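Presented below is the structure to which this report refers.
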Amino acid sequence: MPFPNSSDLSPSSFILASIPGLEAAHFWMAILLCSMYILAVTGNCAVLFIVKTEPSLHAPMYFFLCMLAVIDLALSTSTVPRILSFYWFNTREISFAACLVQMFLIHTLSAIESTVLLAMAVDRYVAICHPLRHAAILTNAATVKIGLVAMARGVIFFLPLPLLLLPLPFCRSRVLSHSFCLHQDVMNLACANTTASVVYGLTAILLVMGLDAILICLSYILILKAVLRLALWKERLKVFSTCIAHICVVLTFYVPLIGLSVVHRFGKDLAPLVHITMGNIYILVPAVLNPIIYGVRTKQIQRRILNLLHVCSD
């Protein structure tokens, strides 16, 4: 497929990244990605179904878990089918408009997920440090409001990212570093001053993901202080074990996010395989692992899954 004319300043399309020398392996890479995507969809749909049908799980923590499931489904669905189309049918070109929409969805959904993870940390803090006030503070109505605030926060902070790229000319190579569109990746292809995009993008990430990470750490410092005030180690472990699933989910979100940011900032000379692998990990690994983590750590979810498997086997 010929690349766009470098003298054409109108941003008509971009070229998704391939791995030099591994084009023949695209089919098998797509099989792996497709398997992970199916696992992510199945796991997150199972979480939604189980929480909906299990009255004992109708609590704020599990409503937040449902929000995570919906976000992971939306994030993976907005990227993986397009990646599979590229790997299976060699459709490397993506239109400028589709690229901006995909970019907006990826960054906005990531911001919403970060906010929900913060809300889950606050839920754990209130449940452990102020258990008698937990039901009064985190009501169902409050949970819905938090979800709406998370959505509005993501849209407000990250809608300007594609808007800042709209007027820019793109006269360099149109080949992206990933199999999908990210703001920094697209911005680096512009042949104009991108200071406004750089400053705003960094500010948005710091005010959303950065601030959320700090507040999550602060909530766990307070939780740890409360746990250490308990007399017996057995009690301490029992109380803190209620946070293990959330801590694991936080790590599966922030570690790939930080890794992808480091690759973008310091890995310009790294092989394309590193960029593409880190991007796919960022998109798919949280969506795959989140339902598994809560499935392992939550007895009610375990029991419902076993019941469903038993019914299917019969």
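A Cβ is built for glycine as well, from the same backbone N, Cα and C atoms used for every other residue.
TrEMBL labels come from automatic prediction, so no person has curated them.
TrEMBL annotations:
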type     : residues : note
TRANSMEM : 27-50    : transmembrane segment
DOMAIN   : 43-294   : domain 'G-protein coupled receptors family 1 profile'
TRANSMEM : 62-88    : transmembrane segment
TRANSMEM : 94-122   : transmembrane segment
TRANSMEM : 134-159  : transmembrane segment
TRANSMEM : 198-223  : transmembrane segment
TRANSMEM : 244-267  : transmembrane segment
TRANSMEM : 273-296  : transmembrane segment
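Same-chain residues lying 6 or more positions outside the transmembrane segment (27-50) and placing a CB less than 8 Å from one of its CB atoms are 57, 65-66, 69-70, 72-73, 76-77, 80, 83-84, 87-88, 280, 284, 287-288, 290-292, 294-295, 300-301, 304-305, 308. As a quick check, the transmembrane segment (134-159) and the transmembrane segment (62-88) clear the bar of 3 or more Cβ pairs under 8 A, pairs 6 or more apart, so the two touch. A mean pLDDT of 91 is what the model gives for the domain 'G-protein coupled receptors family 1 profile' (43-294).
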